[in-house]
Amino acid sequence: MALVPCQVLRVAILLSYCSILCNYKAIEMPSHQTYGGSWKFLTFIDLVIQAVFFGICVLTDLSSLLTRGSGNQEQERQLRKLISLRDWMLAVLAFPVGVFVVAVFWIIYAYDREMIYPKLLDNFIPGWLNHGMHTTVLPFILIEMRTSHHAYPSRSSGLAAICTFSVGYILWVCWVHHVTGMWVYPFLEHIGPGARIIFFGSTTILMNFLYLLGEVLNSYIWDTQRSMEEEKEKPKLE
């Protein structure tokens, strides 16, 4: 039996994301006042994705609790739709975007933090909030993947969805630059047009890879779990 029920974990994670978002929005940074506001940053978009995802998880848990034993076919049908939405959102957005934000942020930060998170931001964003935005996303999504089985969509539709998201965000970043003359991320100022095209293409490929990684990891976790349960159910030899 789990030390903490998964339903309680989801509520706690949802509340933590709400706290992080509220604290982040309360910070008066110059970049929040410019065109696009917080929505031009993938970190903020990811926080919204994670909060909405865990909100759907909590809603699914509540619906499951209320539907259990009711025998109401309409409620069960609505619950199945909610579960499908939850699973789709984890597969297409929560896992690949969340892992992308954590991995890319800390890789660039380790190379040269001024390229992604200038030291000036330490005057606005406390360390715990930085980790809430760029670190805890990964363990939270892995906990969810480990505690509940999620049915992935067909590979073609899943990859098409994550490609659409990736290209959409790249176009949004380019549009912000077109309007303001400034790139959202400082390192984009220091590379040429060809290098930017390569970078944008590479990020789209990485997003697709992370989608496939999530699919493989989900199958591995639950295939292993199923094998362990079947092993336990086998009669022991005398």
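Keep in mind that glycine also has a Cβ here, set from the backbone N, Cα and C atoms.
A TrEMBL annotation is a machine prediction, not a hand-curated record.
Residues or ranges marked as transmembrane segment by TrEMBL: 42-67 (among others).
Through the fold, the transmembrane segment (88-108) approaches residues 42-43, 45-46, 49-50, 52-53, 56, 115-117, 134-135, 137-138, 140-141, 144-145, 150, 152-153, 158, 161-162, 165, 187, 203, 206-207, 210-211, 213-215, 218 of its own chain, all at least 6 residues removed from its boundaries and within a Cβ separation under 8 Å. What TrEMBL records for 88-108 (among others) is transmembrane segment.
Here TrEMBL flags 128-145 (among others) as transmembrane segment.
Per TrEMBL, the feature transmembrane segment maps to 157-178 (among others). Sequence-distant contacts of the transmembrane segment (157-178), counting only residues of its own chain at least 6 positions beyond either end whose CB sits under 8 Å from a CB of the stretch, comprise 35-36, 40, 42, 45, 91-93, 96-97, 184-185, 188, 200, 203-204, 207-208, 211-212, 215.
Taken from TrEMBL, the feature transmembrane segment applies to 198-222 (among others).
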Inset, instruction - Using a Cβ-Cβ cut-off of under 8 Å, list the residues of the same chain that are 6+ residues beyond the ends of the transmembrane segment (42-67) and lie near it. - result: 7, 10-11, 13-14, 17-18, 20-21, 24, 75-76, 78-79, 82-83, 85-86, 89-90, 93-94, 97-98, 100-101, 105, 133-134, 137, 140-141, 144, 148, 169
Inset, instruction - Could you pull out which residues elsewhere in the chain have a CB under 8 Å from any CB of the transmembrane segment (128-145), counting only those six or more residues past its ends? - result: 9-10, 13, 16, 19-20, 23-24, 43, 46-47, 50, 54, 57, 90, 94-95, 98-99, 101-102, 105-106, 117, 214, 217-218, 221
